[in-house]
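Presented below is the structure to which this report refers.
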Amino acid sequence: MSDVERTEFKLPEGMDLSSPPQRNQDVDAAEQQGEHDIERSLRPKSLDEFIGQPKVREQLSLVLNGAKNRGVTPDHVLLSGPPGLGKTTMAMIIAQELGSSLRMTSGPALERAGDLAAMLSNLMEGDVLFIDEIHRIARPAEEMLYMAMEDFRIDVIVGKGPGATSIPLEIPPFTLVGATTRAGMLTGPLRDRFGFTAQMEYYDTEDLTRVISRAARILEVDIDQDAAVEIGSRSRGTPRIANRLLRRVRDYAEVNGDGHIDVAAAQAALRVFDVDERGLDRLDRAVLGALIKGHGGGPVGVNTLAIAVGEEPSTVEEVCEPYLVRAGMISRTGRGRVATAAAWQHLGLEAPEGAIGGTLF
């Protein structure tokens with residue numbers, strides 16, 4: 001280890017190095033069906049079942065099968081991309097494909113090195129450790145993770161004061177799967193320790209339609225193909241949103257009809273839930289309205305927009321803006337946010353001369 005110093009920490013209270021690690025209950029991706037378990041029941045269980053992301057699936061299959069053929073644990077895996085594209089599902093599939101147990105945590109939960117040590121000490125050989133939002137891991141825990149990822153060991157300090165002793169703790173070989181929505185916030189030393197990195201991309205309407213059709217079969221929902229396309233086209237390129245909209249349309253169809261979903265039922269349901277033909281919801285339209293009607297199309301700072309719509313700046317910046325920028329409705333400039341011609345047109349207004357061009361996808 002050349003780029004970081006050796007990390008030492010105090011042994012967490014209750015950790016006994018003399019006792020073998022006890023296996024926790026495995027994470028099971030298939031649980032009983034119930035309204036609160038629907039999201040889990042819709043998760044694919046293998047790379048073959050996973051819809052979309054063909055390049056990632058091909059590359060990951062090579063990594064996993066190569067490791068299995070050699071009888072070793074695969075390299076650590078970093079999955080990056082916007083929320084809702086299947087990073088957690090992919091981690092579950094990796095464990096399933098390897099026949100291993102999956103241990104799950106998140107970056108914000110690892111505030112101290114001892115938090116990570118407690119989890120690492122319970123790993124069994126071949127386990128998959130999934131850290132969601134890994135870019136938010138605390139620095140002391142991150143530095144310990146360097147040694148664990150490279151050398152499968154960490155150093156612990158037993159005792160206090162002058163009598164404290166540093167003891168190396170060997171960790172069984174494991175595979176770390178990290179997920180992040182902000183790959184740029186990862187430090188170089190952490191990023192470099194992942195042997196395989198993959199960027200999850202937004203879905204097109206065709207793949208989202210397949211996602212919806214698969215979910216409808218699992219949920220035993222009677223839906224026309226055209227209705228599935230209609231829902232998919234409003235799902236913002238995100239499978240999680242597609243599945244959520246399907247469930248809301250199902251509710252509408254069951255309450256107001258016989259449960260069958262055709263295009264008319266899908267359109268009516270999505271109107272009730274304030275999702276327009278391009279997938280924009282109430283907050284998205286409020287942001288566009290504040291930008292165009294309140295400030296003549298901009299440029300406007302994000303703080304001003306947030307005040308206008310009654311939300312936190314982080315909500316506008318992280319929830320609304322990514323899709324509005326992708327949809328060609330907002331342009332981010334050095335002076336602030338500017339509405340494009342497509343945004344004016346979407347609100348039924350005539351774009352002023354000189355408005356930035358933008359096309360809906």
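Cβ atoms are placed via backbone N, Cα and C, with glycine included.
Listed in Swiss-Prot:
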BINDING   LEU42, ARG43, GLY84, LYS87, THR88, THR89, GLU150, ASP151, PHE152, ARG193, TYR203, ARG240  ATP binding site
BINDING   THR88  Mg(2+) binding site
BINDING   ARG332, ARG337  DNA binding site
COMPBIAS  1-13  compositional bias 'Basic and acidic residues'
COMPBIAS  33-43  compositional bias 'Basic and acidic residues'
REGION    1-43  region 'Disordered'
REGION    2-203  region 'Large ATPase domain (RuvB-L)'
REGION    204-274  region 'Small ATPAse domain (RuvB-S)'
REGION    277-361  region 'Head domain (RuvB-H)'
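Taking the features listed in Swiss-Prot, we show where each one sits on the structure.
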| residue | record | Cβ contacts under 8 Å, 6 or more apart |
| --- | --- | --- |
| LEU42 | ATP binding site | ARG214, ALA215, ILE218, LEU219, ASN243 |
| GLY84 | ATP binding site | THR238, PRO239, ARG240, ILE241 |
| THR88 | ATP binding site | PHE130, ASP132, ALA179 |
| PHE152 | ATP binding site | GLU170, ILE171, PRO172, PRO173, PHE174 |
| TYR203 | ATP binding site | GLY52, LEU85, VAL211, SER235, GLY237, THR238, PRO239, ALA242 |
| ARG332 | DNA binding site | GLU321, VAL325, VAL338 |
| ARG337 | DNA binding site | LEU291, GLY298, PRO299, VAL300, GLY301, VAL302, LEU305, GLU321, ILE330, SER331 |
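The full span of the recorded ATP binding residues, LEU42, ARG43, GLY84, LYS87, THR88, THR89, GLU150, ASP151, PHE152, ARG193, TYR203, ARG240, taken as their largest Cα to Cα distance, is 37 Å.
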